[in-house]
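Report on the following structure.
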Amino acid sequence: MSSISDKPNAEHVAESKAPMSSDGKPKAGLKRIFSEKSLALVKLSGCMVAAVAIMAAGVVLSTSTNRVAGSATVHSIIPVLSSSKHRYATAMSSVFAFITTFITKTIGSVHSTALRSTLINERHPSPQIETPPNTSPPPNAKHRRGIEFNTNSRLFAAATGWANGQLMNALMALLLVISYAASGLIVMPLQILEGPNFSGIPKNETGLTAPPIILLGLSLFLQGVIALFGASDCGPYWTEGGDMLATTKKEIVDGRLLPRPHRCMRNVLNTSDPITTPDPLTKPYPLKPSKFQPSAWSANPSVERAVIAMWALIPFYAIWGAIIYALSVYVSTAVSKSGGISSVGIGSEKLPEFSWAFVPNFNTQSFGVAYTTTHAKEEASLPSATWPSIFLVLMVIQSGLTLALNYCEAIINTTQDEHVWRRAVGPEGASTLEKSSPMQVAWDLVSSSWESVSSLVTKLFHWTPNTSRPIGSQATSWRIRVATLLHGLQRRVSRLVSSNWRSVCLSATTSICHWLFGQSFQVTAVFAQPPQVTGTADGSYFIGIEVIAHCAQVWYLCAVLIASAIVTTFIANHKPSGPLPAAYGHFQTLADLIDEWPPKKLESDKSPSVLYWGHKSDKGGVCHAGTSPDKSLVQPIDMEGMYGGELDPEWPSTAG
């Protein structure tokens, strides 16, 4: 069995055999120029700069005075499209929603990695025997255990330090809710009422509102600050790419994990914690291979809580839709004492009498609040409680949806970790450098292939024939290089699609749910354009802002949530087939199951570093299953055998 430590000069050899540039120096790829942590900080800095730009744009727009429909003067509402249809506002809202999602996901990836790195760095080295037999574990065992699973929800898992502690996580969750709420209010439909008693068909325009833009930029910037604090205080080890197997190997090398013998057929439910177990090195009894493995629901408590949170959303929004229906029927004509706030909407006691269209219209059952201006025919000013109350109501209603969908990442990432591990029994093996997100894979493709692509493009436009070789030979060589590059790209993309379909489904579900929520909760600025006696328009003036909730669209959101909850429940309760013990990213389980790691590769070696798992030995009637970088060294599992033996005295691992 080869060990990494048996090759002390690997790094020197790698450097000597690295690709050379024209000046005789080794070529430095993007990954060698920048460390993973530096690249994360660059991404974070870009997001914070974008947040400052958004905030500055909102401040500039808030100081402007604009006219709508010819003469209505308003502050902080900027018309951008005149005589526009409702779908234009919906399309513009989707753009801001995409920008918000992209920035929050990018900041969230850095924050998640920083939190994960902190939890890993807080682990104490696993002791050989922490406590004498038949004695209780130490009282601080839970604190010392640190992180158990590769996947942890970044908003609901906290470290002991302040930068990645509970307070900062709570602030991050609040800012995440604020950012989504603000992005949904940036684009505002402008409704212009015409005709006698304003009973004619209203005209529609589209505008931007400054206060939500300012709040969006501020919330994104503060999220970046929290992630920056977390990254600066996460300790010496930055978990590169969020890779499960690479982190397990690093933990073993650093002495934070102790691989234990005789546990080659024990899954995550059969794995005892070496800290809380009185004698962690007690030899367990052999086990017979199982045809099916436990589900993620039973393996990871975060998965169970995420599924429960998803189902809890359904009655919440169903009740909210019923409240809208009741208010539209019984409280549709209320007016505040000051007269500046009144209720509006369309109400009918018989549900079939109002519109059930998927997109709300003028006949949709709805209830809302109208904030009217104090001087409608002069320069308009809204009541002071307008924007704070709108933000507060929207945040309360939307917070559950935002946090629950974020929590569902625990289900997706946990099952994805298991998918990566179960490749060890497949033809390709389990990669020890598997990236956990599409963005990380895309960056890996760029950083590893940019020189080849640049060379090919340069030769395509500045092609100089080589007189020492035939033209046909040069063209054939160029086509082979292109085919090789495209084949590698196709293989990586195929692997990405097969590994990340769950993440794609979650992203699509998140977008659909937030879009439906936006359809159920609308903010509209209303203007009036009264006619003169001659029939021509006599200017216009600003009436106020209407905040309207539609009950049908809320119930449609419930239907989508029911479908999403069913799918996530199925994923969480799926039991993988096959004898390979399920780990679900549990580090101690992986450390017990992996007995042989791939040798350290040279810098110039671009071949994948993979593990294969299977039967390795049979001694004294007790079998041993383990891993190997060579598929020919592992055999199919004997389903009737008893597994719990070891391969050779070099146990516990070749990781070091």
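These residue numbers are counts, starting from 1, taken along the chain as shown.
From the backbone N, Cα and C atoms, a Cβ is placed for every residue, glycine too.
If you look up TrEMBL, you'll see 1-26 (among others) marked as region 'Disordered'.
As annotated by TrEMBL, transmembrane segment applies to 40-61 (among others).
The list of residues near the transmembrane segment (88-107) in space but at least 6 beyond its ends in sequence, with Cβ under 8 angstroms from a Cβ of it, reads 43-44, 46-47, 50-51, 81, 176, 179-180, 183-184, 186-189, 204, 206, 216, 220, 223-224, 227, 439, 510-511, 514-515, 518. The feature transmembrane segment is assigned by TrEMBL to 88-107 (among others).
Taken from TrEMBL, the feature region 'Disordered' covers 123-142 (among others).
Residues or ranges marked as transmembrane segment by TrEMBL: 171-193 (among others). Beyond the ends of the transmembrane segment (171-193), by six or more residues, the same chain brings 68-69, 77, 79, 86, 89, 92-93, 96-97, 99-100, 104, 108, 111, 154-155, 200, 202-209, 212-213, 215-216, 219-220, 222-223, 226-227, 390-391, 394-395, 398-399, 402-403, 406, 514, 517-518, 521-529, 540, 543 to within a C-beta distance below 8 angstroms of the stretch.
The feature transmembrane segment is assigned by TrEMBL to 213-231 (among others).
Annotated transmembrane segment per TrEMBL: 308-331 (among others), in sequence order.
Residues annotated as transmembrane segment in TrEMBL: 554-572 (among others). Within its own chain, the transmembrane segment (554-572) has Cβ neighbours under 8 Å at 295-297, 303-304, 306-307, 310-311, 313-314, 317-318, 320-321, 324, 358, 408, 411-412, 415, 502, 505, 509, 512-513, 516-517, 519-520, counting only residues six or more beyond its boundaries.
Residues 37, 40-41, 44, 47-48, 50-59, 61-62, 96, 100, 103-104, 107-108, 110-111, 113-115, 118, 163-164, 168, 171-172, 175-176, 178-179, 182-183, 186, 391 of the same chain lie 6+ residues outside the transmembrane segment (213-231) yet bring a C-beta within less than 8 angstroms of a C-beta in it.
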